[in-house]
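Chemist: Would you mind keeping the following structure in view while I ask a few things?
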Amino acid sequence: MEFRGDANKRIAMISAHLQPSFTPQMEAKNSVMGRENCRAKGGNPGFKVAILGAAGGIGQSLSLLMKMNPLVSLLHLYDVVNAPGVTADVSHMDTGAVVRGFLGAKQLEDALTGMDLVIIPAGVPRKPGMTRDDLFKINAGIVKTLCEGVAKCCPNAIVNLISNPVNSTVAIAAEVFKKAGTYDPKKLLGVTTLDVARANTFVAEVLGLDPREVDVPVVGGHAGVTILPLLSQVKPPSSFTPSEIEYLTNRIQNGGTEVVEAKAGAGSATLSMAYAAAKFADACLRGLRGDANVIECSFVASQVTELAFFATKVRLGRTGAEEVFQLGPLNEYERVGLEKAKEELAGSIQKGVDFIRK
């Protein structure tokens, strides 16, 4: 009879991830799933990651990609709708991470408790004719609510913020954390990796190279003219004609619009954004692990310019963005672009600050 009891207990544990009512508090009482180092079943110790907005266009693909990451031992999937379905689907993948789903505002705290990394793609997507700033009124409130949960339940977690407009939502998150007394500028990271991925891809097309061999620093922000690719600093070192510079800069800045228009109302850049978010999250996890020289571009608190936040290359480590790199030498085209970017960014950042301080 004891064997049957143990079997029933194991079955209950395996199916628990499909029940949104299953909480970390319940987990702690369980001698197997509540192990101190949070091992995945049969796996190695890893990190606890939460995705807020896991059932959305970006969130579903991102959930799949993070389930595949060997550095993740526990993956919490949260959304206000459809979280159980995404959780069940992703949980059938035979990779090491244990997956649990959380549904609705009442379970936000359970989804966040004890997390090492929180990724936030939640919010409404862009539609044809919309700019990222058009999303502000809806997404600003969503980010505020979710970051209040982070401040309460996992104040030491690294936060990867994807929700647009990133140029404003990072400032919103910072103000929420300041109010809660938990703000650590090194741990709040706006995800601009897709701008870099696009830059690498488009530049590689012009140069006839594999995109994996190309590195283009992209600085500034994450919308329109605030996205500034530094083509003078491309690796491998390359030269471009004025027309190529104009073409590449415009295409990189308008990459999101290109996808929105191509999908003709059926969505935005969800797949490439999920890829970029997973790539950046992996870099953050490698930094947390203590890997050396983990360098990515991110929109962070910065003293590189007079603005409070700015996207540049950063070195990721155990405490987040441990080093923020300077811009380096710019050519005249880039200096003009930088001034345009800063002017636009200043208003977007202030808009986020005012949303919380109003």
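FYI, residue positions are counted from 1 along the chain as it appears here.
Cβ atoms are placed via backbone N, Cα and C, with glycine included.
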Chemist: Given that Swiss-Prot annotates GLY53, ALA54, ALA55, GLY56, GLY57, ILE58, GLY59, ASP79, ILE162, SER163, ASN164, MET273 as NAD(+)-binding, name the residue from ASN139, ASN250, ASN293 that shares the site.
Modeler: ASN139
Chemist: In angstrom units, rounded to an integer, how far apart are the Cα atoms of HIS222 (active site, proton acceptor) and ASN164 (substrate binding site)?
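Modeler: The separation of the Cα atoms works out to 9 Å.
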Chemist: What's the most sparsely packed of the binding-site residues GLY53, GLY57, GLY59, counting other C-beta atoms within 10 A?
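Modeler: So among GLY53, GLY57, GLY59, the binding-site residues given, the one with the fewest Cβ atoms within 10 Å is GLY57.
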Chemist: Where does SER163 (NAD(+) binding site) sit by DSSP, helix, strand or coil?
Modeler: coil
Chemist: My understanding is the cutoff is Cβ-Cβ under 8 Å with a sequence separation of 6 or more in the same chain; which residues meet that for ASN139 (NAD(+) binding site)?
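Modeler: Listed in sequence order: ALA122, GLY123, VAL124, SER163, ASN164, PRO165, THR169.
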